[in-house]
Structure formats: C-alpha cells, structure tokens
Amino acid sequence: MASTSGTKDEVGPPRSLSRRMMTRSSTMYDPNADGVDSELVPSSLAEIAPILRVANEIENENKRVAYLCRFHAFEKAHRMDPKSSGRGVRQFKTYLLHRLQKEEETTKPVLTRSDPSEIQKFYQNFYEKNIREGQYTKKPEEMAKIYQIATVLYDVLRTVVPSAKVDPKTRDYAKNVEENKEQYEHYNILPLYPVGKKPAIMELSEIKASLQAVRNIDNLPPVRRVGDRDKPFSDILEWLSSIFGFQKGNVANQREHLILLLANIDRRLKGSEDYEQLDNLTVKQLLDKTFKNYVSWCRYLHCTPIIESPKVPATADRLQLQLLYIALYLLIWGEASNIRFMPECICYIFHNMANEMHGTLFGNVQPVSGGTYQAAPVGEETFLRDVITPIYEVLRKEARRNQGGKVSHASWRNYDDLNEYFWSDRCFKLGWPMDRKSDFFIHSSESSRHRHPTERNQAVGKKKPKTNFVEVRTFWHLYRSFDRMWIFLILVFQAMVIVGWHEDGSIFGIFEEDVIKSILSIFITYAVLNFIQATLDIILSFSAWGSLKPTQILRYLLKFIIAAFWVVIFPICYSRSVPNPTGLVRFFSTLGGNWREQSLYNYLIAIYLIPNILAVLLFLLPPIRRHMERSNWRIVTLLMWWAQPKLYVGRGMHEDICSLLKYTLFWIMLLISKFAFSYYVEILPLIGPTKLIMQMTVSNYEWHEFFPNVTHNIGVVIAIWAPIVMVYFMDTQIWYAIYATIVGGIYGAFSHLGEIRTLGMLRSRFESVPSAFNERLVPMQKDEPKSDRHEDSLWIRKNIAKFSQVWNEFIYSMRAEDLISDSERDLLLVPSTVSDVPVVQWPPFLLASKIPIALDMAKDYKGTEDADLFRKITGDDYMRSAVIECYQTLKEILYALLDDERDKMILDYICHEIETSIAQRTFLSKFRMSELPSLNDKLEKFLEHLLKDDVDPEKYDSQIINVLQDIMEIITQDVMSNGHEILERVHSHYPDNEKKERFEQINYRLTALRATREKVVRLRLLLTVKESAINVPTNLEARRRITFFANSLYMRMPNAPVVRNMLSFSVLTPYYKEDVLYSEDELHRENEDGISILFYLQKIYPDEWKNFHERTKGKRDTPEETDEIRKWVSYRGQTLSRTVRGMMYYKAALELQCFLDSATDAEIFTGFRTLNKPHTELKDRESAMADLKFTYVVSCQVYGAQKKSSEDRDQKCYQNILNLMLIYPSLRVAYIDEREDTINGKSTKVYYSVLVKGGDKLDEEIYRIKLPGPPTEIGEGKPENQNHAIIFTRGEALQTIDMNQDNYFEEAFKMRNVLEEFHKDHHGQRRPTILGLREHIFTGSVSSLAWFMSNQETSFVTIGQRVLADPLRVRFHYGHPDIFDRLFHITRGGVSKASKTINLSEDIFSGYNSTLRGGYVTHHEYIQVGKGRDVGMNQISLFEAKVANGNGEQTLSRDVYRLGRRFDFYRMFSFYFTTVGFYFSSMVTVLIVYIFLYGRMYMVLSGLERRIIEDATISSNKALEEALATQSVFQLGLLLVLPMVMEIGLERGFRTALGDFIIMQLQLASVFFTFQLGTKAHYYGRTILHGGSKYRATGRGFVVFHAKFADNYRLYSRSHFVKGLELGILLVIYQVYGTSYRSSNLYLFITFSMWFLVCSWLFAPFVFNPSGFDWQKTVEDWTDWKRWMGNRGGIGIDQNKSWESWWDAEQQHLKNTNIRGRVFEIILSLRFFIYQYGLVYHLNIARGSTSILVYALSWLVMITVLLALKLVSMGRRRFGTDFQLMFRILKALLFLGFLSIMTVLFVVCGLTISDIFAAFLAFLPTGWAFILIGQACRSCVKGIGFWDSIMELGRAYECLMGLVVFMPIVILSWFPFVSEFQTRLLFNQAFSRGLQISMILAGKKDKDKTHTT
C-alpha cells in the first residue's frame, strides 16, 4: 500500500490491525456500485467525504491517484476514530480497506514510476489544465469545484510525498490555490468573487451598487480577530462577525441575502438603467420594514430604540450605520434556530448587541489610557454558544415536560409563553450578557447528572408559571373567548320566549307594558353571564398569575367583585318592581327593605349599560378605537385598562368604516333571518303545548318515579325544549352557510368569474384575448404608441407577437404534460414568428374547417357577382382570416421554394392577376371556382411531401417537383381562364434557346428552417382539417386550464411591472419522507385484485396515456422510456417531483417575461424559441434576472439521513431528490445534518442546517450553519422543518407550497401581477401581509370520494375564502399556497407557529399571528395553484380527524381567545362561525340527536309520552319535527353542498351544478358527509376534554386497495360504531315502547334523519371500501378479524396484531387526562344505566309493578350474570389445563342451573320471549357502562384486581359489536351484483371496466397455470 513517505513500509494502520478489523466485521458495508461511497460516510467521519468525492471524480483520469486519495481518507478516518466507536465506522473502514487492498493490486502509476512523483505530476497537470488555463474561460461553479479538488489533492500529496521532495513548482501552485480558493467557493445565487468573465447577474447595476455598499468598511474601527489577524475585512458582515462570533456559513448566507434585498428594492426605487451608488431611500425602506416590530416593541416597553439612539455622533456615516443594523439583525436571525419563533426575544438580543456595537463604534476611547478601544477576539461559534444555546436549552427542557402531548398545557411553557416573557420590562433584568441565574432560565429540572454540560450554571428552582394565558382543557374556553356572542344569543332567546309566552305570542306584544317589564329581566341574566365570565377569567388564568402584573390581577378581582355585586343587586331591585311577588321573587323583594322605587331598576340598567354604550360609539368610530389601542401613552393605557388590558399584540385590529359597514350589514341581515326563523319555527309553536303540559297532572307512571310531586312536569318540558335550545344555538351556522353562499356568488359574479367557462365561450371572445393579455400581463412601456398609424400597427403586431410567445409556451407545457396530443398542439399554436400576413393569425382550432367550407361555398356558388360571394366569406371573420392567411402563406412558401427567377416571375404574374381581379371585382369571371377542389387536393399532397422526414433527397426533390408542376398546371390551365397568357408573357422575357422545364429548381432545404416548417404545418392544418375543431382540446383538464387562463385575463388584477422591477420571491416546500418519484417496482406492483398503479392510471387517464405514447414513440423499450413512464405516473400522483416541476415553471415564466421585456422588436418577431446562438447574451441575462427574482428551496429535513441510510426506500428518495437538483439547477435543498463529534472524550451529536445544490453528478454544499441542538425536538415537525430552511430563502415575498401541490406555466406567468398586490393600499394605509390564492384540486377524478372532497375543498378555497376575505375580513392562512410578506413575517415569528400539540394546525396560527400583529390577509382568484387531496375513505377520515384535533387545540389557544375578545362584535361572529364554531356546531348537531332520543326514551319509558299524545289538545310533536328538520340539514352535509353548488354554477354553469348535485346524491354523498360529521364531532370533543391530538399521516398515494374489516373496525370503532349502535338502540326502544299509541308515519318522519345517521355511521366505511362486498374478501376479512380479536397483547405487540394492544392504546387519552376529564367521562357513562332502569318496568314478568324492588332485583340478576362469567373465566384460567374434568363439571352445573332458573321464570313467573330481548336491551348498556367507568378509573380497578375482568368483558362486547356490523356485509356479499354496483359507485366508468378486465385476466392466468401443471 501507499504510505506517507511514498514507500510500502510506513503504512499508517499496521496490517495486523487491518486483519483484526476484517475478522471482527461480519458484514460488509457495501455502498451501491456507482462509486458514491463519498455520500455514505458515517457522520463522525464527515471530514473524509470531500477526499472520497475527489477520488471518485478523478477515477477516470488517473486510477492510481484516486487510490492514493482513498488511502489518505482511510488513514485520516483511522486517526479520527482509532477504536471505531462511532456509529457505522467499523463497517465503513472495513469496506474501504477491502477496496484499497483490491485497488493496490490493480492500479499502477501511469505518468511516472513511483507514487510520490505520480501524484505530483498529476497535480501539476491538473493545475495547468484547469486553473491556469481555465480561470478565464470556465464558469464560477466549475472553478469552485476545481479549486476544491486541487485543495484535497495537495492535502493527499503532502501525506504521500515527504516535505523535502515536494517540487518548488508544486509549492507555488499550492500557494496560489490557497490564496485564491476563497474566491471560488460554491455559491448560491451570487458568485461574489468572480475572476475573468463575470456572470450576467454580477453585471447588473443594482447588484454592483449593493455589493459596494456592503463592502464599504471605511470608518469602522479595527477589531482583533482569531486566526488571520492581519487579514482585512471584506465587508461589514465580517466585521460584525469578528465582534460577536457569528458562524462563517451564517455570514456568507446573510451576505447574499442582504445584497439581494438591497438590489431588488433599489431597482424599484430608481428608474435609471445604470447607476453605481445605492440610494439612501433603499436602505431606509429596508430598515423601516425590518425594524418595524422592534421599534414597536421598544415603544411598548417605553425604551428608546437603538436605531433611533440620540447618542450617535452627527459625523457618523448614516448609510453605513443603517446597513450595520440590518446586517446585525439578519445575522442574529440567521443563527437563532428555534428562537426565530420568538420574535420579541430576538428584539431583546438585537437591542443589547446593537448597544454593544455602538460601544465599539462610538465609545472607542479607553477611559484610563486614552488608547483605541478594541473588542476582545471571539471565536466563530461564540454567539451560538453564549446567546442562542442557553435559550434553546430552556425551550428544550420545557418541550420535554410536554411528554409528547401527554401532559396538560398548563404544566409547561411553550414558545408563546417564553416569547411573552419579553413583553414585559422585567425582561431587562436578564441583563447582558444574560444572567443564567435569572428567573427566565430557572426551571424544575431532572437531577443534575442528567443535565447537559452547558446547563451546569443554570439555576434550578420551582416550575415557572405560564405567561399571560393558560391553555386549560375545557369547553368553557368557547364561552370565555366569545362571551359577547353567547350573552347576546342567550338574552335574545330569553326575550323571544317571554314575548312568545305572552297571550297569543304576537311579536307586537313587545310594545305592551307588562311584556316590556318581563323582558327587562334579561339584565339579571346578563349580570349572571358576566359573573360567569369574570369567574372564568380568574379560574382559567390562575396558573399564569405568577407572571401577571399586579394591575392585571387587580383588574380580574375587581371585575369579579363588581360582577358579583350586579348579580345580587339586579334580582333584588327587579323583584321590588314586580307587583304581588311570589316565590323566589318575593324572597328577593324582602331583601331590599321598604323602598319601592320601581324606576330604580331602570336607572341601574342605564348605569350598567354605560360601558356598552361607549363600546358602541367606539365601534362606530374605528379610527379612534384603533388609535387608542395602539397608543403607548400611559394616560390612554389607564383609560383602556378596564375595557381591554394592554397587550403587545391584538392592538388596533379594527377595520375601516367601509369594511365595517359591509360585514355589519351582512350579520344584521343574517341575524334577522335567524331570529325570525327561530321564533316562528322553533320557539312559538312549542310554547302552546308547553303551557298545556305544564298544566297537566300525571299521577300514574310506568316506572318508579323518584320525584312524583315535581310540579309542571318539568322533566317533559326539559326533554322537549333541550334539543330546540341546542338547535337555536347551532342554526346560526346554517344561516351563515346560506348567506355566505349568496354573497360569495354575487362577489364572484362581479369578479368576472365564469365568464369564459366553455370552449364555445372562449371561441366567441378569443379575438379580445390578446388585447386583454396585453392590458393585464404585459408591462406598460414608456414609449406608448403615438397617433401615427404605422406605429400603431407595429405596436399591435408587437403585442400580438408577445401574446403568441406566451400562448405557445402554455400550449407546449400542456403537450409536455401529455394533456394534449401532437395534432391538438398544432391546432392550438399561434405562429411564433411574425410574417407579412395582413390579418391576425389565429390558432388553427378557431380556423379549422373554414377553408373547406369556403371552397365548398365557392364551388357551389352559382352567381356571377364577386360581391355576394365575398360577403358570404367575409361575414365570418375567422373564415376571412383563414382565406387571406392561406393565400399569403402559400405565396411566401412558393417564393421561398422556387430558385429560378423565371418561375418566380410566373408566380408573380399569377398573384398579380388574382389581386387585380379581386380589386376590380372580376374574380369570378377570370377564375373557375369549380376547379378549386382538385387544386386543394394537390396542395395537400404538396404540403405533405414538404413535411416528410428521413427520405432520400433525390426522391424527395422529384416528388415535390412533380406535385409542384401539377399545381402550377392546374392553376394556369384549369383554374385561370387566361393562364396561357401568363406563360407566354414570361417566355417573351427570356430567350427561347433555354430548353429547361419550369419549376425544376427548388430550395429543398426549405423546411429545415423552424419558422418555415411551422408555416407549412399551419397551412396544411388549415387546408386539411375538414371537421370543426369544436372539441379541441378533448382533455377536460386542458380545457379547464385554457378557459380559466382566458377568463382570468378579464378579471381585476394589478398591472404587471417589468421583471427587473418586480418583487423578488421565494418558494418553500417542506418535505419529510413522502414519495419523490415512483420506482419501476411500485408502478407494476399489483394489489390483491391484480391492479397496479400504472394499470389504474391508464384507465383513469386513457387519453393522457395515449398522448404519452405518441410523445415517446422513438424511445420504445429503452431505459429512457422507463424513466419517462415513472415520471408520467409520478406527475399524476402527489409526489415531490410533481411539485418541483410545477414550481420551476416560475423560472421558465420569468425567463420568457424577461425576454419580452428586454428583447428588440426583431427578436420578439423572431420568437422566444427560435433565437439561436448569437443571442446567448440575452439568454444569460434572462437566466440571471430569473435567479435574482426567484428562489426555490425544498426543506428535505432527513435528506442527510436518507443519503447515509441502508434502507432501499431512503436511498431511492435520496437519489431522486439529487436527480431533481441536477435537472433543475435553480433548485436548492435544505436539510438537517446530524454528525457525531467527540467533545471531552465523549461522542456527542451535533446538528447543522445545510443548503445544497446540484453539481456535476452529486450535490454541492453551499452553506452549513451549526444549530444549538436538534431543532425538531422542540415543536411540531412541519413548522420546525420550515423554520430551519427559511434562512436560505430570499426575496421580499415567500410562497409556502406543500408537498402535494402543483403549478402551471400559464399561472406562473401571473405571479408578478399578484406580487404587486403587496404595494396596493387597502382601505387606508394598510397593505396586505398575506396574499391568499385559490387552489384547484386535481385529485377529483380518482374516485367518487375524491370527487366529493375535491368539490368540498374547491368550494372552501374559492367561495368560502372569497367571503372570508371580503366582506367579512376574517380570512387567515389555511395552508398553502398563500404568499407571505416575507420581511413582515420573519421579524414576527415566521410563517407558522410550532408549539407542540397546541399548534397542531400550524398554518392557521400564522394567519392568526399576522392579524394580531397588525397584518392584513386578502384573497385573489385570478391565479390558481394545483393541490392534491386525500382520496380514500380512511385517508379522508384521518385528515378530518387531524383537522378536528387541530380545531380542538385552537379552541384552547391564546390566539383564538385574543382574536375573539379583541375583534369588534360582528367580526367576532364571522371569526367564530368560520373557525372553531363550525366544529362546535358539528358536535352540537350530534348532541341534538342524543338529547332528543334520551329525552324521548325518558318520556316513553316513564309513560309521559303516551299521556301527552293521547291528550288531543297537545301537538308538540309536530312543532318538534319542524324544529329538528334544521338539524338534519347540517347532518346530511347540505351546509357543505350549498357553496359547492353555487361555485360550480358560477364557474361552470348552473345546469352543470344541478347535474353534479344529483349525481353526488346518487353516489351517496350525503352518506359520506354524515359519516364525516361523526369524525369531526368525536375528535373535536375528545381533544378539548382529554387532549391526545397528534399529527396523523394520511398518506397521499392512489387508493386502489381494499381495507380489511379489522382496519376499519380499529379506525372507526370508538368514533362511529359505538355511537351508531347506541343511537340505534335508542331508536329501537323509542319505536317498540311507543308503537301502541303512535302512528308509524309520525315515527319515521321524526326519526328518518337519525336512522340515516345510524346507517351511515355503521356502514359508510364498507360502502366506500373497494371490493367491500366481494365474497372472497369478506371471508378473508372475517378470518383476519377473528385472529386479531383472539391474539394476546403485551409489550411490543403492535395494535394491528392484537385486540388487547389496540384496546389499551384506545384508552391513551384517559391515561393522560386530568381528574376533571375522568369525572366528566364517568358522568357521561352514567347515561347507560337509564336503559336498565326504564326497561325492567316494562317486562311482562314485572306485571306492571312500579316498585323500587323490581329495579333492585334487576341488579341482582346483573350481578349474578357477571359473577357467573367471572367464575367461568377464573375456572378456565385455573382448572382449564390441570383439572379439565372439574372445569367441565363446573360448566355443566352452571348450564343446568341456568336452565332450571329460566324454566322456573317461564313457567312460574310469566317470563316471555319478548322479555328476553328487552332484558338484552336493558342489561347490555349497563355492562358497557361498567367498562367505561372501569377505563376511567383504571388505576383503582387494577388495585382491586378487576382489570382483567373489565378487559374480558370489553372483548366480549367488541366481538358482539363486530358481529352486528359485519353481518349485513356478509349478507350483501352473497349477491354478486352488490359488489358490481359498489364498484360503479366508487370509481368512474373507465376504471370499473378496467377492474372487471383485470379480474378476468387474473382468472385466465390461474387457469393457464392449472392446465400447465
């Protein structure tokens, strides 16, 4: 082997060691054979990866030098880890050693005889060839790679060649490399140190000016540096780094970031083309935007912002100082890691560091010596170590207390709590440097031995309290956050009941004096409700009292005392005003003494309402309220203290008066409708029956009545009114849906949506499309067209040329996506080059069949007047254009084709004859129209020959000449009446001795020119397409895109700026482990039905598959075709490759836009695609401008781990991501790199944020920034993934794109228009901070479920968000693809919030945060982005569960509380009903069914319903039916369907909308929506009560598989099946025990929607399960379910394998809940005891007795049965094995005893068969109650030894439930047609057909195998 000295005797690790390593390692570390071992280096040996990369790079040039590099890497690895203790080190070293041993024998020196001289020679050659010669010719990125190789080679050289033997030339070369290598490092966008030819981006004047400003270090005091002490600073960022110790990667990253920000802002402010100096306004604008939050924070805390410090000397360079402030902030932010989620913490850090910087800049004279002050030198990671890491450790400690969401929110501090610590001036007690023993760092920790070394000096104390707010798990949060709404609704309800109760219930009774007096009692209710609010404020915030100011605590207490005072004083005064008081009123009246001033109560009301009157006045004057809230004056703070305590966020969110009036009018109209409906339909009809019921006396009950003397039948009144009261509170949601649909439809219509929704509409308006395009999407030029006609025509031609470039690129993009075929592409294209044709050259699909029709008209025309024929032709504008264009184009082609001048003269004469005859109106007399068809046939043949490829040139020429001669012969002899004269005239000009035939000399290379070929193709289409192209394109997606794009051109949008002046933006996509590109195996892998993904997609998209084959016809059966197929499939799934392709359209669009902006007229007329090599400078400029304006970062969190993983899937993901970077050079990938470092002798994991780009074959690292710890451990995964990568984004705007999204070229073209929305002032001085965009759901065609979800989601992202944005002003951020004002959000906490659990729905919290901090969210529908949705039942349910969980957590959050309290009254209504209120209403809808049925069960079993119905004067049921119909509207999903129908009607026509609605109902959409209602209600309620919310990975694949019964049972058992069976039992009881006195029609009418709900909840998962009713599948499912039920659980047993493990996991929420949650669960469980109590009195054996002993005996029976079961269970366990006979005898005795008892009961006691069934219904719920209570009291039950019994009882119940649900499936599976019907229901027709074919083929294969054997 090679050695350090060049001989074999001095090898680093001895051979014995090598042998030991080989014997110890039993497995080989085998990287793939592609030579990418450099990418698989263990993290602890990361330093050797560049060496191995170089070895692989130079392998082909010199194998021996590559071997020496690997050997050097091995030696270095051995030195770094001699004991091979790091993870994977031993295997890697073994692998490398084996490879070295092999290469030692196979490689020999090539250039010389020995290794030392070999590597020296190679190094010298490499330098001379690549560096000395290439530095002026190669691109910067190539030079960066070359210098990296040279540096590594020299390191290797020094280990191989003894120092004394290194050539001087080699040393010189190495020195030169060392000096210059920093100039050639890998860069991101800007190569800041280019040598030789500068890249185009560095030649831009704005970049030069910004770079010069950043590099201005004049006047900066010198600072000592660690290491290169004498090396000068290159810019202000390096100077700051030397003071504060920022990392090199961070400095490089923020340097580019700052330069790009300055350059983009500067270019917009300056109109001049070239300049050298940065504008002061540029820096001021960036400074203001960056520090707006910081200045606001300083003023809130009453301290002077450093950037406004009066201590700055007048002589200071202000521009430089402002740049220092911005650079310092960006450097802090860039290295802050998780602290970026704490914006005010960053403000605090900046405040102190800027102060320190001031000391360095201006306090640079030492007080003692008078010498120059110099800061002490600091290391590179000083800032990370001393500032960020301590705060990070506090975050990490608190996050650990969360225990994965298992503990209460109140027991740990989240991001918000720690950030809000800096909202108080006590944060300044932290000091600077921060005191680690201050209260911020104090935490209750584990014992000191578990503590991190960096935490040793942190104080340990009691747990710190929450800050300002406590997220307590209770539904009371809804009341506390929206108290004004609940108080309002309750008071109106009370007033309506009072009015209705009075006499006839007329609404005009409100004017009567006694009614008014009664209505005034609502103020007592008002006082009580306010008292509840004050009490909740104290109770729910108690855990935060330790962090509150004394004034806040005083306010809470005073509020409570005053509320208590009013609660006492109002009833007393009201009772004194009531004449002849009785009861409770009389009691209160005696408390008030003898004074009887009736008016006192009224005076008190007036006093009580004073705050409300003031609030109304301020509501009507929003500017005053806004100014007061934002004011930091102490007097204003004091005035506002009572109404609204001062808080840093949520101040001044009030809208302008115009917006206020709009949403106020919306809600006033809605509330009038709601209250009118509630009064006349829900309340008034029930009042009459209620009065009668209250007057009735019931003496005989059908059960033992515990309270027989209760007056007014209050139980019945509650049973009747409870569901109505709940409907009253819920139906506002229904009214909101109705009004939002109407208003959204009106707004959509006024926005011009749906004006072009069909191809017919597009045809009729296509003439105006180019002008609309130029008006909207083409920037206004300074030199507008003058009045001169020639310039006018030139301007029009130029605009049409611009339109044609964009239109054609749009069409080409659809062809590349296989949405259209080649022929459709040709029909849709516009000529890309402008010719001399005097008419507009429309796309051929508009002109198709026009020429054949014109020919027929001319041929059949019998008249002699030209005018009539021309009138017919010119009557159709498109026909006229086609005729003129065909003539002119044919003329141009023939001229270009003919080489002989005589031939051209003939053509000239013919054309002259045609044109003069037309002008003179003698055309019909000179030309024979009947001969035109034969001419047309020849022309078609002629054009066909011209387009032929790959033919023999001679044959090609002869064919064309023959056809051309035929054409000229037909023209001159058949068509023209005087054609012979033309020929004679030509002969007369030339001598007769030339015997050559005419039309023989042609230019056969004519069609080689792209422009000419396009003309020929177009002319051929115009002549040959006979049928109308009315259906072009045929693909529905292509049609949708074309019509939407055309329609959007007529919508309101800002004017487009030129690319150079547009806002710069980035796109950020978080990625974890989702699919990147489907592998070949995944495409062809068949499921159990024999269906593969490829087969499935071929059936779903048959036309696109056909187009794909047409596109790839030259690549059949090649690896290229396989790759293309993989892409084709992946682009139809929800993959990263689809998202990346879509987002990279932005760059393509920007390049085209830049071309159109800067190209000359000649270049524009030539065309974007036809530009050739001389225009490379223009191409470079386009690319540079696109890079300046657009950056795309994909945050592949685990990319580094995938690179090193041995898992096949991870390796494929890594390779596919790498390929994406290589395909798209502008793509950047950010990831979290985990490395092992040895610190103090211990192996420690170190984390980095890394940015890479595609290199030559591998990725190239650009920036590496060390992190304080693992970033994703602190918060939710997705926002943490975004946060670590956000530092690598650029620009002033940031679009967040999810991994299941897509984009389209034509929509990308509108991006610069959308970005201009940030500059538009909306209602005053406010500018948007988030731009909402509409989405197109592209997964709608997959299945019926996908279609339902697609329609539902489409309606939400269009009409739903349209109304939220305007008029309601409550649109937030609902996920991607919204565009953020990047600078606004990065200085205010980022684009999402990340606290564990509470911020599960991280996206919407960024909208909340933006609004609370003064932001403004808009919605724009002229641009759209594609989005995928879940397509299978289980996927959708998991998604709905995730969203419901998220809404449950939102309900508890401080953001919702603050918005609910600080929005004005009507905006609060909008906020509630569009966020958490929707989910609460969903839950209430389900609760209404429960309350109604339990109330009815009470009435039926007690006998009260019989008594009421038999009373002819009472008709409460009818009123109740009408009122409950409201609930069924919500339940059936009609709320979701309304906006859906409106939006489809608006955009596609109302006939289509009606048809879609009917089809959806036929496909059981209502079943689906009813089922999802249960999902929402279950998970929302459980989250608020017990927690347990978590991110649920739904999967985004194609659902073509059958979900097993056990899977469905596990997923839906608790959320749907249990509840469905409970409601089913209630309905059965209601039917059976009330049937004797009630008509069946009445029962069905009342309970229809409830039975529908029960059936939906029990069977929807199977109805929507592919092959759910296939007999074979059913049998397999039953076997699988039995196995699952029978398997024992235990530690490590997955819940998919064992019922016991699943049962245990299902109780996880109860294990972690608090005592309040357990008590609530037990109280809810008590409802199941009602069944037994009610039913036992209806048994025949009870003989009508209502004695309590009957109930007692039933418990005796229940306990006996349970004991018997326990006895059998114990017997099986104890005697089942060893005493089998005894156990059998025991069972026999029990059986005989049971028979004896049953015989006695039947014979003696009168037991009947119906009693058996009734007892079953009675005792089953009791057993279930035992199980539920046992689960809630698990620890107690375990303590007394009954847990196993509870578990076995649970198993029995689960088996029973499973049977009940499974039996109908079994029965339906017997009938084959059910399965076929279900398949038709689930999938579209193509796939249904494909599925049957697949089954037949599968059967055929089986038969073939059988015959063969």
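Every residue gets a Cβ built from N, Cα and C, even glycine.
Any TrEMBL annotation is an automated prediction that lacks curation.
The region 'Disordered' annotation in TrEMBL covers 1-35.
The domain '1,3-beta-glucan synthase component FKS1-like' annotation in TrEMBL covers 320-435.
Marked as transmembrane segment by TrEMBL: 485-502 (among others).
Feature annotation from TrEMBL assigns transmembrane segment to 522-545 (among others).
TrEMBL lists 557-577 (among others) with the feature transmembrane segment.
Residues or ranges marked as transmembrane segment in TrEMBL: 665-689 (among others).
What TrEMBL lists as transmembrane segment is 710-730 (among others).
Annotation comment: TrEMBL describes 736-756 (among others) as transmembrane segment. With a cut-off of 8 Å between Cβ atoms, the residues of this chain six or more beyond the transmembrane segment (736-756) that come close are 666, 669-670, 673, 762, 765, 1043, 1046-1047, 1050-1052, 1358-1360, 1362-1363, 1366-1367, 1421, 1473-1474, 1535, 1538-1539, 1542-1543, 1545-1549.
What TrEMBL records for 1642-1664 (among others) is transmembrane segment.
Summarising the annotation, TrEMBL assigns transmembrane segment to 1719-1736 (among others). Counting only same-chain residues 6+ beyond the ends of the transmembrane segment (1719-1736), those with a CB under 8 A from a CB of the stretch are 703, 1494, 1497-1498, 1501-1502, 1585-1586, 1625, 1629, 1710, 1713, 1742, 1750-1751, 1753-1755, 1758, 1814-1815, 1817-1822, 1824-1825, 1828-1829, 1831-1833.
What TrEMBL records for 1748-1768 (among others) is transmembrane segment.
Long-range contacts of the transmembrane segment (1789-1809) within the same chain, counting only residues at least 6 positions beyond its ends with a Cβ under 8 Å from a Cβ of the stretch, are 1739-1741, 1743, 1764, 1767-1768. Annotation source TrEMBL lists transmembrane segment at 1789-1809 (among others).
Remote same-chain partners of the transmembrane segment (1815-1833), defined as residues 6 or more beyond its termini with a Cβ less than 8 Å from a stretch Cβ, comprise 1622, 1625, 1628-1629, 1707, 1710, 1718, 1721-1722, 1724-1732, 1734-1736, 1739, 1754, 1757-1758, 1761-1762, 1842-1843, 1846, 1849-1850, 1853. Taken from TrEMBL, the feature transmembrane segment applies to 1815-1833 (among others).
According to TrEMBL, the feature transmembrane segment maps to 1853-1873 (among others).
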Other parts of the chain folded back onto the transmembrane segment (522-545), taken as Cβ under 8 Å at six or more residues beyond its ends
410, 465-470, 472, 474, 476-477, 479-480, 483, 486-487, 490-491, 494-495, 498, 553, 556-557, 559-560, 562-564, 566-567, 570-571, 574, 605, 608
State the residues, same chain only, that lie 6 or more residues beyond the ends of the transmembrane segment (1748-1768) and have a CB under 8 A from a CB inside it; answer 'none' if no residue qualifies.
704, 1732-1733, 1736-1737, 1742, 1786-1787, 1790, 1794, 1815, 1818-1819, 1822-1823, 1826, 1845, 1848-1849
Determine the mean pLDDT over the domain '1,3-beta-glucan synthase component FKS1-like' (320-435), rounding to the nearest whole number.
86
